[in-house]
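K.L.:
Quick one: structure below, then a few questions.
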Amino acid sequence: MKALVKEKAEPGLWLMDVPEPEIGPGDVLIKVLRTGICGTDLHIRSWDGWAQQAVRTPLVLGHEFVGEVVETGRDVVDIKAGDRVSGEGHLVCGKCRNCQAGRRHLCRATVGLGVGRDGAFAEYVALPAANVWVHRVPVDLDVAAIFDPFGNAVHTALSFPLVGEDVLITGAGPIGLMAAAVARHAGARNVMITDVSEERLELARKIGVSLALNVADTTIADGQRALGLREGFDIGLEMSGRPEAMRDMIANMTHGGRIAMLGLPSQEFPVDWARIVTSMITIKGIYGREMFETWYAMSVLLEGGLDLAPVITGRYGYRDYEAAFADAASGRGGKVILDWTL
C-alpha cells in the first residue's frame, strides 16, 4: 500500500510502498478515505527538537482520519465491515488507575497514533476496536476526517459552562477556530478571538465571532472596551502556546475567571502568579479528548447544526502531499485535507 513515511531521521517525508498492517483478534482494519494534517505532522516533517526526541524512524505519520472498515478481528462484535469510522489517536494501557476508573484520557502510558506507532497517512490503518468511533449518523467526510482536532476544541471549549459568558480565545489556528464555533453554538454571550494572521481572523469572522482582533496592532484591553466589557472575560481558551498570549489572557480575566489551556508552550515561561492568586483565576490543562464523552459531544453538536465548513480551507490528493504540507505550514489558512481515494 502507499503511505507517507518518515523514513529517515532528517527533514522531509517520503511517499512509499509499505506492507498493509496486520490485525489481531481485537483490532479493526480500516481503508483510509481522508486525513487531516496536524501541527504534530508538521513537526515530524521538519524534524525539530521535539520530533527527534519523540519519534523513531521509519514511521507512517498521521492520526486524523476517516475511513471504512474492511476487516475486523475475531473478538470484535460491535463494528462491522462497511462502517464509516474515525479513530481516537491516543492508545491507552487500560490497566493504570485512571484507565480503570474510566478516565482514559489521563492514562500515563498513552501511545500516539502516527507518533509512537504507525498512523493513518496510508491506504489502510489498523486500530484496536476500543479506539474506533463509528459514525452512526451521516457526517461530511472532510469533517469526519478532523474529529481528532475537533475533539481537542470541544474538550477545551466545554471545560467550563459557557451560556451567557464572555469568552476570550487566544490563537486562531484550526483548533482555536473550531473552539470559537463551539463557544458560539453553546451559548456564549461574546466570543473574542485573537491572532496576528489576518487570513485566519477573517475565517473567524465567517464563523461568527463577536470580535476577531489582530493583537499585532490592537490590545486585548481595547477589544474588551469595544465589546463593552467592564470587568474582563469570564472564560479564557488559550490555544496558541505563546507566552505573551497567556500573560495577556491572565491580565484580562475577571475575578474568578476560568482558563482552559490547550496550547503547548515550547519552553517554560513566567506568569503573574500574584494576579492568578488574588484574582482567584482557575487554570486547567487540556490534552486530547475525554474518551468517549468528547466524541459523543462532537456528534451531538454537529447534529444540532454546528457548521465547521469555514475551518476547512485546503483539499489535496495524497500524491500532492508536498503542496498540502506547505499549505498547512503557511499559517494562513484552516485545516488541510488529504484525499486517499484520488
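The backbone N, Cα and C atoms fix where each Cβ goes, and this holds for glycine too.
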K.L.:
Going by Swiss-Prot, ASP195, ARG200, LEU262, GLY263, LEU264, ILE286, TYR287 bind NAD(+); tell me which of ILE175, ILE220, ILE235, ILE312 is listed for that site too.
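P.N.:
Within the candidate list, Swiss-Prot flags ILE175.
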K.L.:
Please list residues from the chain of CYS96 (Zn(2+) 2 binding site) whose Cβ is under 8 angstroms from its Cβ, counting only those at least six apart in sequence.
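P.N.:
Correct list: CYS107, ARG108, ALA109.
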K.L.:
Quick one: of GLU64, ASP195, which of the binding-site residues has the smallest count of other CB atoms within 10 A?
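P.N.:
It is ASP195 that, of the binding-site residues GLU64, ASP195, has the fewest other Cβ atoms within 10 Å.
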K.L.:
Considering Cα atoms only, can you say which of CYS38, GLU64, GLY263, ILE286 is the nearest neighbour of CYS99 (Zn(2+) 2 binding site) among these binding-site residues?
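P.N.:
For CYS99 (Zn(2+) 2 binding site), the spatially nearest of the binding-site residues is ILE286.
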K.L.:
To the nearest whole angstrom, state the Cα distance for the pair ARG200 (NAD(+) binding site) and THR40 (active site, charge relay system).
P.N.:
19
K.L.:
Around TYR287 (NAD(+) binding site), which residues of its chain at least 6 apart sit with Cβ under 8 Å of its Cβ?
P.N.:
HIS105, LEU262
K.L.:
Validating a neighbour-count step here. Other CB atoms within 10 A of the CB of LEU262 (NAD(+) binding site): how many?
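P.N.:
There are 24 such Cβ atoms around LEU262 (NAD(+) binding site).
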K.L.:
Please list, in sequence order, the residues in the chain of THR40 (active site, charge relay system) that are at least six apart in sequence and whose C-beta is under 8 Å away from its C-beta.
P.N.:
HIS63, GLY112, GLY114, VAL115
